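Features of the protein shown, as given by TrEMBL:
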type	residues	note
TRANSMEM	9-29	transmembrane segment
TRANSMEM	55-81	transmembrane segment
TRANSMEM	123-142	transmembrane segment
TRANSMEM	165-184	transmembrane segment
TRANSMEM	204-230	transmembrane segment
TRANSMEM	242-262	transmembrane segment
TRANSMEM	282-310	transmembrane segment
DOMAIN	318-422	domain 'FAD-binding FR-type'
Amino acid sequence: MMMKSHTIFLFRIIFLFMFLGWLTVWILYPTKIYHKTWIVNLENKFDSTYFREQVVLGVNLLLFTFPIMFIGALGGIYLHLHQEKITQKLPSTSGGALKRCICYLKRPFLVMSPFGIVSAMELLFALMFVALLIWSLANYLYRSFGHLHMHKQDEKVWEAKFRSVSLRLGYIGNVCWAFLFFPITRGSSILRLVGLTSESSIKYHIWLGHLSMVLFAAHTIGFIIYWAITNQMIEMLEWSKTYVSNVAGEIASVIAFAMWITSISRIRRKMYEVFLYTHHLYILYILFYAIHVGVEYMCMIAPGIFLFFVDRHLRFLQSRQNIRLLSARILPCDALELNFSKNPSLYYNPTSLVYINVPKVSKLQWHPFTVTSSCNMETNHLSVTIKNVGSWSNKLYQQLSSSSSDHLNVSVEGPYGPQTKQFLRHEQIVMLLVQELKSQTLIYKLKLTSQEKHKNLQQKLKNLSKQYGLSQTSQILLSQLY
């Protein structure tokens, strides 16, 4: 046990130093120190048979790609070792000043459209990221304006500066892309190492996506204006084999604008399938973006893309398997309860999500649902409850109402959820139920609480339906507790 604790502590130190070193490289990359001192020394060491002329590629692989790949690989081992400790012991809300400060920072601080609910810690990290972008842009422009490169003999100084600003805005957009894919890598160890879940981190992907598109739009429009005022519009047709391919950048921009427009909240909510299928153009975007910027710059954003593709491939393999549907029952509140068989070793925490696909209803649609069963009490099956409120759920409801569920093929992806039972840290739990089905999540938590804490909750559970006005369905489900 002591050996495992020392190993976990060692992993934490390694993760901390690797991540801080990776961030330090991003901070120093736009500065003279990096390009005049660091890069020269590293290029001399990498000037070997392995890289030859591609010395900068080797340096970028070492500084930008390797640290995150190493953390992602080692993080899986760390989480496996740490899982037992997480399930056995949960830190209390009381503690030292540092713990109280962290708990305070995690509270909602800002509620404003379009950002949603933002905690003080999220706002702090967002401001730090914006500061990194401003710092990078300022250093890029400082170095560039000091050594302006004139592309034409009669080019004016302000035109050269305008071109330099447009180019550096693209560099800043590349920084956003380095972080863009981390929040949507559902099964990655990176998210769980920092205590995030896939559903809670989607908003970071949205923020980074909008910010990067603003920067790339300014980059693209800026160059078009520059070519127009300097009579170089022919440059838009340039496909250089040894330098930047402008045509590839323009194709990537068109694809990116299509994804950006369809991701606007009003369009995404009303035409979700249009948004979803358009977003799959990201594969073409990455291809033309790589042709445009070259391999050296792609190494800087490769870790997030690589981890996303690995995660996407593993999720695809999981989703190709049909899960055995043990039973399906229609609840009085016009809802369905589906029970799937599962491996007894599969562990998940409350509020975990699974994505469900029913080919008889739709071969392409996947819908997320909260797991309503407890893996500690129902070890051989997993349950979800689906409210009949949409076209997909209505078709599923009709399918199960009219025929047997024995021949219903279902694919399940997940579960995804929090790494710990955060609510067990508190002596008192308050839940606001806004829908009938939310009571089942409450019941799940009460099951787990009664199992974990053994505080004679039976009498309290019997009075729950009277106190909270639960309907007949919830009372039936609640009766399973006692």
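Cβ coordinates come from backbone N, Cα and C, glycine included.
Unlike curated entries, TrEMBL annotations are predicted automatically.
Of the candidate ranges 9-29, 55-81, 165-184, 242-262, 282-310, 165-184 contributes the most Cβ pairs within a distance under 8 Å of the transmembrane segment (204-230).
The stretches the transmembrane segment (55-81) and the transmembrane segment (282-310) are in mutual contact, each linked to the other by at least three Cβ pairs under 8 Å (pairs 6 or more apart in sequence). Per DSSP, the domain 'FAD-binding FR-type' (318-422) is made up of 15 helix, 40 strand, 50 coil. Sequence-distant contacts of the transmembrane segment (165-184) (same chain, six or more residues past either end, CB-CB distance under 8 Å): 26, 30, 64, 129, 132-133, 136-137, 140-141, 144, 190-191, 196, 198, 201-205, 208-209, 211-212, 215-216, 218-219, 222-223, 225-226, 293, 297, 300-301, 303-305, 307-308.
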